[in-house]
Amino acid sequence: MKNLNKFVSIALCSSLLGGMAFAQQTELGRNPNVRLLESTQQSVTKVQFRMDNLKFTEVQTPKGMAQVPTYTEGVNLSEKGMPTLPILSRSLAVSDTREMKVEVVSSKFIEKKNVLIAPSKGMIMRNEDPKKIPYVYGKSYSQNKFFPGEIATLDDPFILRDVRGQVVNFAPLQYNPVTKTLRIYTEITVAVSETSEQGKNILNKKGTFAGFEDTYKRMFMNYEPGRYTPVEEKQNGRMIVIVAKKYEGDIKDFVDWKNQRGLRTEVKVAEDIASPVTANAIQQFVKQEYEKEGNDLTYVLLVGDHKDIPAKITPGIKSDQVYGQIVGNDHYNEVFIGRFSCESKEDLKTQIDRTIHYERNITTEDKWLGQALCIASAEGGPSADNGESDIQHENVIANLLTQYGYTKIIKCYDPGVTPKNIIDAFNGGISLVNYTGHGSETAWGTSHFGTTHVKQLTNSNQLPFIFDVACVNGDFLFSMPCFAEALMRAQKDGKPTGTVAIIASTINQSWASPMRGQDEMNEILCEKHPNNIKRTFGGVTMNGMFAMVEKYKKDGEKMLDTWTVFGDPSLLVRTLVPTKMQVTAPAQINLTDASVNVSCDYNGAIATISANGKMFGSAVVENGTATINLTGLTNESTLTLTVVGYNKETVIKTINTNGEPNPYQPVSNLTATTQGQKVTLKWDAPSTKTNATTNTARSVDGIRELVLLSVSDAPELLRSGQAEIVLEAHDVWNDGSGYQILLDADHDQYGQVIPSDTHTLWPNCSVPANLFAPFEYTVPENADPSCSPTNMIMDGTASVNIPAGTYDFAIAAPQANAKIWIAGQGPTKEDDYVFEAGKKYHFLMKKMGSGDGTELTISEGGGSDYTYTVYRDGTKIKEGLTETTYRDAGMSAQSHEYCVEVKYAAGVSPKVCVDYIPDGVADVTAQKPYTLTVVGKTITVTCQGEAMIYDMNGRRLAAGRNTVVYTAQGGYYAVMVVVDGKSYVEKLAVK
């Protein structure tokens, strides 16, 4: 087949080139002829089966050559020693309460004589080699009757959230081992109907949650969309993060982002559920949350290791998934479960960082998307799902991905795959991994790539998600971090590597049933089922496992219970390189507005209005518009619009409000310029330092005034008897080195650790761990003695407040693989230096001649009562700044929106934003989208947006659209202009 529009690269691991051959069967189809003939609500359903693609494979047995039959989606559930006779299953929606029955309406068959059907090897686990398991003929081969007997049966009913279902099984192959007669049913028509008896596992329904409609349509042949009235229409439902107490303070950024992108997310501390935390308590809590009014709990994320939040353990089972199995007594999840397994704050932070970056920061430049890795063992065959070997199985998946649009498929198939093959694939950039083979707690069997190799991964934020079919790769109860945990915690130079999410088993997996689950996961991912489109990792994987349970019954249930999601179950998956969305929104809204309309050129995108991690409304884009209903707005001065879409760049915009005047003055004159590979931001400080420790409002004759009360006119540092020490550096040597300030309050280290006659603090890299012990204070606060320290100031600013007094101090300058220097020129080491109360000592490191040195600036009233926060494209990149300059490294090649916000003790200012556009792209940065004139005492602002004029106390004096005119009384004023969601602030003086 030729495709002139797309080139697909198929790469083979080098170990497979040459010498490899295997028998290639005709690829099996995946669309058996099973169709719905009639459905009258849940009372009567008629279904017809027609045989499709029946094949026979010859195998050697103790009785000679025998036949193993296979057909499309047929599954061998025969016990060991019984004839191998695949069945096929389909799920139906049935009555909520009644017992159901199945009757054969009609059938057609043919018979083959003198056929020896091979005995089943039973359920084979993936820690076994199928070839080494012998064929054993059981007692059934001496019985003169047809097996399995009935050609149509019903399983016990199950409940999937709001629908009761039941599986009808077709057994079209019937075999008499004594007469060696194989009866092949080419067509079977059945009727499934309700009886007058009450059935098992009944459903007491309160209503349906519309977010699962697609799942029902895919799961149940006879499901009728909209036959139930949803209680509440919610696009994404709700997520609860259950977090161990020790990580409660570390989860905020994750929760804020989830709310910002439109998923209502709440936090529950595990120890507040029960102390000690038990699996039963977690299970009961999730059930209670699910049963709350609205019926919208969709995701639960567990944060902590097994010892923090235990898995549910029963004989042969270690399960997180059972926490999501709530309604009925079956193994179908109503809630998607995931886990950030962590043993330290660092473990947790990297999982949070990778998840947020994946959803928020991926751009059209991320060309690694659309590239996939398929890994397979050299085993499997007739007893596996669809009769496929692992290699055949992965080839089916590879073909599916190629048809969907993946541009590169790397195939690593045994024999001979090495860890380097896998490392190279990861480091080259891939977005999806499918693994089918053997496994251990710490490695993949094929390639032997394991936890010891993870440190060699350098795929920083180019993270695939993984569908993993293997034994115990996800056993997080193991004595050391398991394979899945290692991939989720992996870092290189502080940046996430490894994977963004992985589904892996806590126990030994069966050979065949997970293959069916993996097939379905990839089919859902590639949108093969229009009635079951899923965009989250939890949705894709769980729905894939539903197909496994439907076909493999009890074994499928066991596999589902133990197939664990490591990562965020609500993760919005990406498959191909994203494209941009065109989004427009009002520059300003009223706090009293009931809704806001957002235009977007991608239907299905989710648009959300939020502020500081609180969601005020969310809607899906339909016909180019999302109408967001707003609730909960109070006095927010700015709002954030976030729009996410499948395989789209995330769009984040600022929307201003016309609420009460903000007493917290913003920065002004924000600029963005290029210095090498850096974008340098500069701005002017707020006009008045708002010292607002008390912020009250009172009404006088109907005029609302804002009163700012200061505790004292004296600077805080002076009152507390402290001095502020600030260290600032910006890649002085351009080699990754930095600086540390060491402060000795006993002032007895000059001539000891601090040499009096040299600028070498330590002569080599064998640095004692306690070298800095005599120094009571350091900048940064956790400075460590090393030639390559973890904590130093390389590109940025840090400060510490110290009691005023006499100190010895030095500025350490570590050099990798050499020594620890003391910086050269200026006050870089001092004996008995007096730091005065109420003053700020700012050490700015610079290149001076052929060496380095510092400029020391001493100012009164150190410890400003506000700091600056910098945002890039809506994402916070730096906070706690005290300087009016910030350098963003490595960002000069692309356009960005930068915003600066002033954070005061009691509130924050409006953001002021500027567009940075690289040289040669467009010279528009100097063009302000407004004009500002002062004639006499008349201020005139003209723009295509909103304009506001404030006095220096923060009172708004005039506001309007397009043109605002105000007659001033003399003095200083601030003008804010908002155009296309971006804010511009200027100060001016009127004489």
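The chain as shown is numbered from 1 upward.
Each residue, glycine too, has its Cβ placed from N, Cα and C.
The model shown is predicted, which means the values in this text are computed figures rather than measured ones.
Following the DSSP three-state reduction, the secondary structure of HIS438 (active site, proton donor) is coil. Within the same chain, residues at least 6 positions away in sequence whose Cβ sits under 8 Å from that of HIS438 (active site, proton donor) are ARG126, ASN127, SER377, GLU379, TRP444, GLY445, THR446, ALA470, CYS471. The annotation active site, proton donor is assigned in Swiss-Prot to HIS438.
Other C-beta atoms found within 10 angstroms of the C-beta of CYS471 (active site, nucleophile) number 23, with every protein chain shown included. Taken from Swiss-Prot, the feature active site, nucleophile applies to CYS471, supported by similarity to another entry.
Of all Cβ atoms in the shown protein chains, 22 besides its own fall within 10 Å of the Cβ of PHE476 (Ca(2+) 1 binding site). Here Swiss-Prot flags ASP305, PHE476, GLU485 as Ca(2+) 1 binding site.
Per Swiss-Prot, Ca(2+) 2 binding site is recorded for VAL327, ASP330, TYR332, GLU334, and the stated evidence type is similarity to another entry. Under the three-state DSSP scheme, TYR332 (Ca(2+) 2 binding site) falls in the coil class.
In the three-state DSSP classification, GLU388 (Ca(2+) 3 binding site) falls within coil. Residue density at GLU388 (Ca(2+) 3 binding site): 24 other Cβ atoms are found within 10 A of its Cβ, drawing on all protein chains shown. Annotated Ca(2+) 3 binding site per Swiss-Prot: GLU388, HIS393, ASP519, in sequence order, evidence recorded as similarity to another entry.
Feature annotation from Swiss-Prot assigns Ca(2+) 4 binding site to GLU520, GLU523, HIS529. All chains included, 16 other C-beta atoms sit within 10 angstroms of the C-beta of HIS529 (Ca(2+) 4 binding site).
Here Swiss-Prot flags 1-24 as signal peptide, drawing on sequence analysis.
All protein chains shown were included, and the count of other CB atoms within 10 Å of the CB of ASP305 (Ca(2+) 1 binding site) stands at 20. The Cβ of GLU485 (Ca(2+) 1 binding site) has 31 other Cβ atoms within 10 Å, all protein chains considered. Across the structure, TYR332 (Ca(2+) 2 binding site) and ASP305 (Ca(2+) 1 binding site) place their CA atoms 25 angstrom apart. Of all the binding-site residues in the list ASP330, GLU485, GLU520, the shortest Cα-Cα distance to HIS393 (Ca(2+) 3 binding site) is found for GLU520. A separation of roughly 12 Å, to the nearest angstrom, links the Cα atoms of HIS529 (Ca(2+) 4 binding site) and ASP519 (Ca(2+) 3 binding site). In the three-state DSSP classification, HIS529 (Ca(2+) 4 binding site) falls within coil. GLU523 (Ca(2+) 4 binding site) has GLU334 as its nearest neighbour among the binding-site residues ASP330, GLU334, PHE476, going by CA to CA distance. Annotation for VAL327 (Ca(2+) 2 binding site): spatial neighbours ILE159, ARG161, ASP162, LEU203, GLU334, criterion Cβ-Cβ under 8 Å with sequence separation of six or more. The most densely surrounded of the binding-site residues ASP330, GLU334, GLU520, GLU523, judged by C-beta neighbours within 10 angstroms, is GLU520.
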